[in-house]
Amino acid sequence: MQYSIEINKNTEIFNIDKVAKQAAGAVLMRQGKSVVLATVAREEKQVEEDFLPLTVQYIEKAYAAGKIPGGYVKRETKPSDAETLTARIIDRSLRPLFPKGYAYPTQIVVMVLSADPKVDLQVMSLNAASVALYLSDIPMKAPVCGVRIGKIDGNFILNPNNEELQNSTLDLYVAGVKDELLMIEMRALPDQKENEIFIEAPYADVLTQTTSQNMNELSEDEILEALNLAQKAILNGSNAYEEAFSKHKKNSQIELKNEIEYPEILAFIENNFQKQIKEAINQMAKSERASELNKIAKEISNLEIAKEWSEESVLNTLAKVKRKLIRGQILNEGKRADGRSLNEVRPISIETNILPNAHGSCLFTRGQTQALVVATLGGENDAQMIDLLTEKNPISERFMVNYNFPGFSVGEASPIKAPGRRELGHGNLAKRALYPSVDENYPYVIRLVSEILESNGSSSMATVCGGSLALKAAGVPSLKLVAGVAMGLIFEDNKYAVLTDIMGLEDHDGDMDFKVAGSKDGVTALQMDIKLGGIDQETLKQALYQAKEGRIHILNIMEEAAKEIIVNEEVLPKLELFSVDPSKIVDIIGQAGKTIKEIVEKFGVSIDLDREKGEVKIAGSQNEQIKAAKDYIINITSSQKGTKKGSKDKDISGFELGQEFQGIVKKIAPFGAFVELKNGVDGLLHSSKSKHLNLSENQSLKVKISEIKNGKISVDLCE
């Protein structure tokens with residue numbers, strides 16, 4: 001059965017009861033030339049643990065874009081980072097709608113079978129998964145709808161295609177159901193204004209471009225305006241899906257777990273252990289571990305009255321009392337577990353460049369959350385190559401943020417493994433926040449690594465703060481400092497409280513995790529996950545403005561720390577950027593790359609070439625090596641009279657290894673001297689072989705040929 005729905009600028013075609021009929025729910029969705037299959041499957045037996053056993057997989061098939069997977073294994077293997085991040089978006093959007101007490105292991109799989117470069121696969125995949133879930137026998141009140149908002153020439157655009165998104169200064173992804181928002185991801189997109197200028201250079205006149213960059217932060221009011229547009233579109237989409245598919249939804253006969261109450265245990269604990277629990281809460285405010293509650297549970301279990309009580313029932317009841325005390329204290333007294341007011345940021349300490357041999361480093365500590373963020377600068381060859389499904393060629397990622405969360409950061413003895421979804425998600429959020437502050441024309445590739453050394457909430461935002469200062473510490477001319485803060489929400493009995501800089505305890509027992517990052521001029525990135533089943537605009541507005549207050553407080557502290565930064569110039573890589581005649585690039589490369597390999601090996605540098613612009617970028621650890629390599633390249637490409645392009649332009653057929661000549665020094669360069677042998681043919685006497693001599697032009701030297709390679713002659717001094 002096929003349904004065609006015109007909604008939010010898109011024509012979406014759904015086929016139900018056509019494929020994957022053994023699944024609990026399945027749809028084959030088409031939009032443009034993109035086709036995705038979304039399926040939902042669940043087990044019949046509930047898990048005993050008190051959590052939602054939901055897994056989401058998003059898989060891009062290479063054949064969807066007419067490709068064969070690269071590498072030795074010609075099939076899809078582990079998911080790429082992009083696939084993992086899309087799976088997280090789908091998971092975070094759908095998870096809040098599962099009913100309380102649902103405990104069946106459930107898997108949602110979205111497979112991209114055909115990929116149209118013009119279609120937004122993230123939005124399409126979420127909507128397909130939402131409809132498949134709604135069609136299943138899992139009780140859902142309404143279908144979720146996802147939309148993307150862009151901004152071009154100051155105007156907000158609903159569901160921009162990929163081409164429009166390239167020209168957008170905003171990427172806002174929102175998911176919700178009816179008039180409630182469930183998940184938000186936003187990033188500001190910097191734009192470049194290009195100006196062509198003509199430069200008269202010593203070796204080649206070139207037409208080059210200069211650019212100026214705008215970070216394009218959004219104000220809180222602009223974000224709310226964009227969210228209002230998204231909310232209306234979500235309502236339209238959610239209603240359209242419900243109208244089309246409600247009659248096809250399977251009847252739900254799923255049994256939900258009833259929350260087990262232990263009134264006797266609850267009364268006993270509230271009457272006898274309130275003081276100990278409050279003390280435990282104070283301790284837990286300093287750590288993400290629950291060991292304090294376990295101690296109380298053990299103490300209760302040893303009592304005579306508790307002989308008939310299971311350890312699980314005692315622990316569950318303790319957790320409920322703890323949650324009730326924490327939330328009640330916040331809502332009724334405006335006081336938090338660690339004694340802070342609702343809008344108070346934890347104490348901050350900052351140290352920079354504490355690692356003497358790293359390019360830039362920052363130890364950022366906020367309360368009991370600590371991030372060591374390290375910046376490393378590299379050449380173009382250090383960029384991360386990413387193979388995207390809808391791109392013909394791999395793209396180069398020149399700004400990377402890696403986030404690591406070892407077990408010891410929360411006092412756990414767990415093995416350090418490859419990064420999981422959480423690490424990838426937190427690193428991606430920090431990258432989105434910091435990216436607009438880095439000039440896209442900065443010549444170095446940048447890698448930031450965040451090592452979380454201690455965690456009690458908001459470690460991703462500590463990564464943003466530490467990362468911004470680590471860039472400064474590495475001498476990166478970032479446009480503005482960027483800070484981040486995590487906001488929380490407690491909502492109960494029509495009362496709510498917004499919390500600034502939440503700790504782990506408040507994240508666990510709260511109703512929202514809302515991370516906001518930006519400069520003093522606006523927001524560069526935000527991410528919201530809600531546990532309530534939706535949030536209204538008024539609450540969101542308060543959270544945004546309270547986050548601004550906290551962000552500016554943090555930025556003031558960071559600005560003072562930035563003034564004290566001493567850049568360690570000695571360890572920073574050196575770089576020389578210059579232009580040559582683009583037609584001469586082939587001379588620098590040489591036959592099969594022999595010449596450029598020779599230069600790299602001889603001078604210990606890395607070289608990047610732009611064939612179209614004639615730009616040459618040389619990077620290395622020593623200025624002398626870079627200058628010598630530059631002079632060597634200029635000598636190769638120079639067309640001025642009196643300067644030899646190299647012995648390959650002369651007939652060297654009569655020269656042999658070991659031949660001796662009384663030569664004349666014709667030119668001295670930092671890397672050596674060019675000695676004329678005979679018939680205008682030069683040999684290079686490398687500087688390493690003539691350091692003890694004070695050579696001058698026209699000086700007579702006795703030399704012998706030590707190497708003939710690629711039409712060039714190298715010589716040594718005769719003994």
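Note: Cβ is positioned from N, Cα and C throughout, glycine not excepted.
If you look up Swiss-Prot, you'll see Asp507, Asp513 marked as Mg(2+) binding site. Asp513 (Mg(2+) binding site) falls within a strand segment according to DSSP. Listed in sequence order, Ala486, Met487, Gly488, Ile502, Asp507, Met528, Asp529 are the same-chain residues six or more apart from Asp513 (Mg(2+) binding site) with CB atoms under 8 A from its CB.
For 573-633, the entry in Swiss-Prot reads domain 'KH', with the evidence type sequence analysis.
For the domain 'S1 motif' (658-719), the predicted model reports an average pLDDT of 83. Marked as domain 'S1 motif' by Swiss-Prot on the basis of sequence analysis: 658-719.
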(message) DSSP secondary structure for Asp507 (Mg(2+) binding site), reduced to helix/strand/coil, please.
(response) helix
(request) Have a look around Asp507 (Mg(2+) binding site) and count the other CB atoms within 10 A of its CB, chains all included. (result) 18
